[in-house]
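To start, the structure under review is shown below, and the notes come after it.
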Amino acid sequence: MEEEPLLAGSINQGSGDYGAHSESCLHYPDEHTPRSRRLSYSVTDDSCNVEEDADADLYVQQAVVFIEDAIKYRSINHRVDSGSLRLYRWYYSNLCQWGLGLTIAVVLALAFIERPSSLTYTSDIRVKPKPWEPPCGMTEGIEIVCLCIFILDVTAKGYLIGWEEFRMNKWLLAYLIVITASVIDWMLSISMLCDENLRVRRLIRPFFLLQNSSLMKKTLKCIKRTLPEIASVILLLALHICLFTMIGMLIFAKSDDPKQNGEWQTYFRNLPKALSSLLVLLTTANNPDVMIPAYSLNRGYSIFFILFSVFGTYLLMNLMTAIIYNQFRGYLLMSVQTSIIRRRLGIRAAFEVLCCPGRGHTSTQAEGHVERVAVSMFLKVMERVHMKSYCRQAIVKAARRFPDGFISGEDFQRLFNELDKDFVKEHPPKPEYSSSGLQHIQYVYSHYYISVLGNAVALANVICICTVLVLNAEKSASEKNYFYMEIINCIFILYYLIEMLLKIVAFGWKGYLSYRNNIFDGFLTVLLLAIQIVIFITFKIPYVDVDPVPRHVMALWEMIRLVNMLIVFRFLRIIPEIKLMAVVASTIVDLVKNLRAFAGILLVVYYMFAVLGIWLFQGAISPPSNMSLVSNSSLENITGPYSMECGTFEQLEYWPNNFDDFASSLILLYNIMVVNNWHVFTDAYARYTTDWSLVYFVVWWLTSSVMWVNLFVALILENFTYKWDRSNGLSVEDVERIAYQSTVQLMFKEHVKEPTEEELLAQLHQHPHLHLSW
């Protein structure tokens, strides 16, 4: 994931006095020039030759930081003096960044224990006990510690980039405003003894997560630019719904015959009801319910609903998916372009600062500009760079191959192409045996068909379990005969154990563990064997003589059920053996690895809507005062907003779905995002509160189900298409290696325009703290 860039906005050429303190390498512009950078850093042949030894470590330190910036796609526009670079590296160290991430997680998790607390075993408002409420000052104390850490965070960022750049960075200014607002709201809470009804800071807490990720900010920017195209389709959808609403109200108008008023009474009674009915039909959540009253009178009425669904659900909604895919892919490509430029710029900056004369270099004397870097100096830098060990080894290995001992600018850039590649583990060689028997075992159990046989045995085991489950489906735990099931399990587990041991003999211990499939199989086999031994020791043999005490029977059944679940789970070993399934599994892994930013923004949206839902609807739905798990028929005589009609909130017993605490709010929002029966929630909250509550749910549906789900589908298509195209012509064993180049940047590499050397040098000239002159 890209880390937070210290400068995302434009660069002010007249920024203040931030730079290196080594006077031998300083470049002094005209002192009469307003806002000149008197301490800006420059590299010139004469000055660097004077105090070469004193400045050598600074140059190396600068190159190290610039390379680390390139690795993480960070901006290089920060201070470059020795003290600032040490602070900068400490700030972006794993310890500091993990600490900041933990702080963000803690401040977001406070919503689960703050009032209204989610610390109950159930969210069903009929039986929900009174939750534990933290004493006043407990969560506030944790929160103020987190806010102090955020203050230190924004202070460090402001110092490292300088005030001129800080005030032009909208994200950092917003960060400062959010911290200030949170502190003020926190002080109000303390002054009111935690008895306030509204905590504004809860709504803006997700900003801390958002601002800490460069990828999230880029994704949000892409979504913002895609909104106009999405809005045009939403407007067309609104026109489509309104048009069919008016036609529907004309077709299904109230008749003098009460028997023909079923459609009007239920779905087209008034304009808001008709609009909401067709909006829900657009998501197919109430299909064919909305059509049945009219369809039962005349089959011709079905044409109206079919036309509405065809044009709305299947044309316009899929058109929106296509637009989101097309537009967002373009903007994501622009974001990737920016990331590539940052990487190239950071690497070029490292090359330039290492080109100071006098430290193992060559230069073009006609121009006085250094063109090459000594390999020895480069290796010294690479020893101090924090990066993945396999990338470092690959880069160092490639650098040692230069015959003349020098690296040009183009070769310097090319060395770091290894950063885009994931590590592909090489399997260790098989052990050599002198015994013919062991050699025969090695030949047989290292063959591909042994894996096929193992998959067939696993399939047979699953089929046996399914057969037993079908035969015992109607039996209780005390009625089941566990003897035959355990005999079957023991036979298969014994085969799994023998297979594992012989594979270890064939591949060797290290070779066996070098395959992820073997690790998966071996772990489950050992676990199954351990559970089976526990069953033998605890319940003895035969199982038909198990003590009929229900407690013992249930304990045995639970352990056997655990064994069966592990055996079924072990059957997932077939996924890497089938090419299409391997590609799908690889796509899922890449989505988790590369698209975390999208999940992060979805978390932000969920968090904000959950807090807003608590504000608007907390306690809105409540069961009858004398209700305690009463039957459905007892509600029929109760007046008020309650309804026991078929398909209503009360009849379906959706009581656990509410906005009475943060955890239940998240679950309710998820249920609405899935859109199955989401009209049940909108109808209930409209009855218990007001019809305007529909606005909240429609906005959530548009945000989550329409925009975000379509966006996620589009990105899955892009990722899968990329993987599938690269997998054509590969064998099953090679599919796993597709992940060797699987970053988002490389997905769009062929469409990205590489920056030219002139463009990179021009941007380096605009660096606010590093003034390079040739």
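Cβ coordinates are placed from backbone N, Cα and C, and glycine is handled just like the others.
Since we're looking at a predicted model, the values are computed, not measured.
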Same-side membrane placement of Thr122 and Trp655 in Swiss-Prot: yes
Which candidate, of Asn212, Asn632, Swiss-Prot gives the annotation N-linked glycosylation site: Asn632
Candidate set Asn637, Asn719, residue annotated N-linked glycosylation site in Swiss-Prot: Asn637
CB contact flag for the transmembrane segment (233-253) and the transmembrane segment (303-323), at least three pairs under 8 A: yes
Contact call for the transmembrane segment (597-617) and the transmembrane segment (198-218): at least 3 Cβ pairs under 8 Å, seq gap 6+: yes
Per-residue pLDDT averaged over the topological domain 'Extracellular' (254-267), given as an integer: 84
Contact yes or no, the transmembrane segment (303-323) and the transmembrane segment (697-717), 3+ Cβ pairs under 8 Å, gap 6+: yes
Secondary structure composition of the topological domain 'Extracellular' (682-696) [DSSP: H/G/I, E/B, coil]: 11 helix, 0 strand, 4 coil
Residue distribution over DSSP helix, strand and coil in the topological domain 'Cytoplasmic' (219-232): 14 helix, 0 strand, 0 coil
Residues of the topological domain 'Extracellular' (114-140) by DSSP state, where helix covers H, G and I: 3 helix, 0 strand, 24 coil
